[in-house]
Each structure stands twice: as structure tokens, then as C-alpha cells.
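Quick look at what TrEMBL lists:
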DOMAIN    A:70-253  domain 'ABC transmembrane type-1'
TRANSMEM  A:23-47  transmembrane segment
TRANSMEM  A:59-76  transmembrane segment
TRANSMEM  A:82-104  transmembrane segment
TRANSMEM  A:116-134  transmembrane segment
TRANSMEM  A:140-163  transmembrane segment
TRANSMEM  A:184-215  transmembrane segment
TRANSMEM  A:235-254  transmembrane segment
Amino acid sequence: MATTGRTYTIGGTGLPNVERFRWLLGLVVPAALVVIWHLSVTVGIFAPHQLPEPLRVVTTFYGMAVSGELWGHIAITIQRVFLGVIIGVAVGIVFGTLTGYYRLASDLFDPLFQSMKNIPSLAWVPLFLLWFGIGESAKVLLIAVGAFFPVYLNLSTGIAGVSEDLLEVAAVYDLGRIEELRRVILPAALPSLLVGIRGGVGLAWMFVVAAELIAASQGIGFLLSDGRTLSRPDIIIGSILLFAFLGNLSDLGVKEVEKRVVTQ
Amino acid sequence: MSSLNKKQGDTSSDQRPNASDEDALVVRDLTKRYGETVALDGVDLTVSDGEFVSVVGPSGCGKSTLLRVLSGLEERFDGRAAVDGEDVRDGGSDGVGMVFQEPRLLPWADVSENVAVGLPADVDADDPKAATRIDDLIETVGLSGFEDHRPGGLSGGMAQRVSLARGLAYDPAVLLLDEPFSALDQLTKYEQQDNLLDVWEARETTIVLVTHDIEEAAYLSDRVVVLGGQPGRVVETIDVDVARPREQTDDELVAVRERITDALGV
Ligand SMILES: Nc1ncnc2c1ncn2[C@@H]1O[C@H](COP(=O)(O)OP(=O)(O)OP(=O)(O)O)[C@@H](O)[C@H]1O
Ligand SMILES: [Mg+2]
């Protein structure tokens, strides 16, 4: 590309580049909330068995990290999300491509998928337990279901929306089905696919909670429900924060890939 | 343009449908409607093998539509349109290449990749000879040094030349060009016109060129078809019996230009 983005500094040379540190502003409100949280517990607005001090959460999880217990939970949850996303994205790509490309496939499958996409994640859990037992496959497949829909929906509409002008180019130059797909359709639909994958990864985190809350003896979701059984709000809040952290991390990862692949 | 000629030699002569005494293009009583709009109304046109025909006419008279029918992009029309005796709807358009009125480049692919889209299916894109051919074509259209630029970074005239190079890469038996030089400056336009004539002579391509430029039509063509519209009809067909190589300033060409102008009713 001939045009490269250029940053222009506004203001004189004397000022430090304020724009670069703008993101720090986003930390102000969360930090204030933590302070308020801490104060409200010490002052006694909340009972400690309902809401522990922020520091309690940190020490509890630090202790679990040192003892090694925490890593097992994190590892198994990440593994489930990862496998589920791989399967869900792969199946989503296959069906999204088929339905985006072939009118008949779309007529056959799209109404079904469209009506299934709104089934809440928890509703699937009993069925998957019944079919696949309480082992890993039930959880991974449940997460795959979650990851599938955004990928399928975005890719399918992305492919169906590829510019007619470019498809005519492919037709006139006799590219053939495969080359047309490889050189025109998939690159054109790539941004939609990446949007779908981002959504799919997000939903995978939702579904992993559903799976682990109900049927697991390990994982962050299990920690959540265990915290409730043991009346340990510090564990519950810590697990929630852990989900937030991992969810954001994976989202940043996909966003980074998106930025690199879509270079226009 | 020796660079263009040397690559082909053996392979493509047998690709070319062999129909010596058959007309390359036959259009009979062609009528094309878009809903209420009648784009073409009873158009007749015959182009013989290796002939260079230009189509001129006012905006909206159906010039692009005619090329779209011939290139097989329009499924529905009345009348007959055949290439080498085969209906364009039954695969007759396979040997037809078209340079669209708009560049229509792949925005995510660089100039080389865009030109390579035109390579015929039987050419292996990874073959070094194919790469050389692409480079030669890019040089011919005057874009050396821009091989790895994306279309977004090109001017309108540059994008149009990439599109032209893609059409030439296809090396079809019948080449349709829809105002391929419209965005070029005068000097570049002359260069590319002569380049097209070189290709036409070397490859014995049958060419139908749509243009608004009367001077261009007279200079390049064996025959000029004047469409009037709308709906688009053939108003007049003018033979350009002027020996080649021609000069833009030839007296005979000036006379032809006047006839085209008269037929257009300008
Ligand atoms: N896809 C379409 N849908 C509806 N009408 C169309 C379509 N394509 C062309 N037309 C109409 O058909 C007529 C001929 O259009 P066409 O593009 O062939 O004109 P043209 O001679 O190429 O014009 P220009 O010189 O401006 O390129 C116009 O009236 C146009 O509005
Ligand atoms: Mg046109």
C-alpha cells in the first residue's frame, strides 16, 4: 500500500504525547470501583461472607496459584475452549461456505440453523450430558455449538454478499469453481469470517461456563459453583475476574490476527 | 512488443477454435430488456475472424450490454448471439475475454496477482514462464515497479491498465474491450492503442472495442458500428478501408471520422 498511516502530534513539541496515554483513562473508573468496594466492606455495608475485601480475593487466588491447584483449573478450561472453538469454527466454515455458495445448500440448511441459533446455551446441557456422558466430549461439543453459530452466520452472509462485479470477472476469465472460491470468494469473505470467529470465541466462553457449572469436577466454572457450595464469595468473584481476563485475552488475540490478515 | 509475442508460440494456436470460414461473432436480431428498459432492440452484427470492430454510440445506448451478451454474462435475451457458430449460452463464450468498463480489480491482491487472474486455466501460475509473462504484460501497460501495489494505491488510469493487462493475459480468440482507454492521458492512450494493435496483429485476435472516442475508433478499426439509442439499434456501419500502419492524421481517417460524427448526429 502506498498510503501509510501517519501520526500527527497536535500541540507544540514541549508537551508529551498525551494521545499515547489516553487508554489509561479507561482504568480510572475500575480503580475507583475497587476503592469503593474495599471501603464498603471495611465500613460494614456488606457482610464479609457476602462480599469479601478485594485483597481477600487476591490472597485466596495467590494461595491457590502457589499450591498449584489454580493452574489445573485454568488449563482444563482453556483446553476445552480451545478444542471447542477449533471444532465449532471448522464446522462453521464448512457450512457457511456451502450455504453462502450454493443456493440449494442455503435453502436446505439455513432455516434450520437460523432457528437453532437462538437456543440458549444452558438448554443444550442436559441433552449433551445424556448423549455424551459427563466426560470431556460433552463439554467440548457444547462449546463447539456455541462457537459454530457466529462463524456460520457471518461467513454465510459474507460469501453471499461478495460483489457481483468480481464474480463476473471470475466468470469471464473462466476461473472455475475452486479457483473462484480460493481467489475471489474466500478473500472477499475473510473479514466476515474473522468477525464470526471473534463472536464464536466470545460465545465459547459463555458455553464453557454453562458446561462447567453443571457437570465438571475441574475448571474455572467448577470453581464458581464450588465457591457457592462452600459459601466462598472470594472464590466466586476471583473466578469471574479470571473469566473476564481470559475472555479479553482471547478477544485481543483474535483481533490481532484480524488486524494482520485484513490489510486494506 | 516482442515480449508479448514470444511466450505464446506453440500452446495457444490449438486453443483457438479453428473456424476459418465461419464468422467469429454472429449477432442476429438481438433484443435485450432490463425490465421495462429496452437496452438493445433488434441488433445485427457480424464480425469475421481476426477483424477489429469498434462500437460507438451515445451513453446508455447499450454498448456495454452488447459486450455482456457476447461474453456470456447475460443468460436471458431474445435473438441469437454466437461465437464461432456456438451460442454464447451454450459455452460459445468460453473463448471470449472481456475488459470491463470499470477496472474491477481484486482489492486484496496486488497488481501481479490481479493480472494473473487473466491467465488461462491451462497455464500453471507457478510456472516461471507465467511469471515472466505477467511481468512483460505489466511492462507493456507501463506499470513496471508497481507489481506489488494494491489497487487501492493506484490512480484510475493505472487501475484501468491493470485491467487491460489482465484481459491481454487471457489471450482469448475474441477480445471484447469496453472503453479500455477512457481514463488514460492522451500520450498513454496512443501508446496503449498501438500496443493493442500489435497484440491484435501478432495473435490474430478478433476484437470488438467499445469507445466514445471517434478518433480512436477510426484509427484502430476495420469497421465502425454506430449504435443509436435508446433503445439501442445499429444506425450505420462504416468500413475503414485505410491501409495500415496508419497515422492519426491520415486524410482518409479524417474523412472516416466525419462520417462517424455524421452518423452519431453530433
Ligand atoms: N443491470 C441493469 N439493470 C437495469 N437496467 C440496465 C442494466 N444494465 C444496463 N441497463 C440499462 O440498459 C441501457 C444500456 O446500458 P449500457 O450500460 O449498455 O449502456 P452503454 O452504452 O454502455 O452506456 P455508457 O456509454 O454510459 O457506458 C441503459 O438504459 C441502462 O440503464
Ligand atoms: Mg457502457
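Note that Cβ sites are derived from N, Cα and C of the backbone, with glycine treated the same way.
Note: TrEMBL annotation is automatic and uncurated.
These figures come from a predicted structure and were not determined experimentally.
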Contacting positions for the transmembrane segment (A:184-215) when only residues 6+ beyond its ends and CB under 8 Å are counted: 77, 80-81, 84-85, 88-89, 92-93, 96-97, 100-101, 121-122, 124-125, 128-129, 134, 138-139, 142-143, 145-155, 157-159, 161-163, 166-167, 169-170, 175, 221-222, 224-225, 243, 246-247, 250-251, 254-255, 257-258, 261-262
Which stretch from A:23-47, A:59-76, A:116-134, A:140-163 shares the most C-beta pairs under 8 Å with the transmembrane segment (A:82-104)? A:140-163
Taking A:23-47, A:140-163, A:235-254 as candidates, which has the most Cβ pairs under 8 Å with the transmembrane segment (A:59-76)? A:235-254
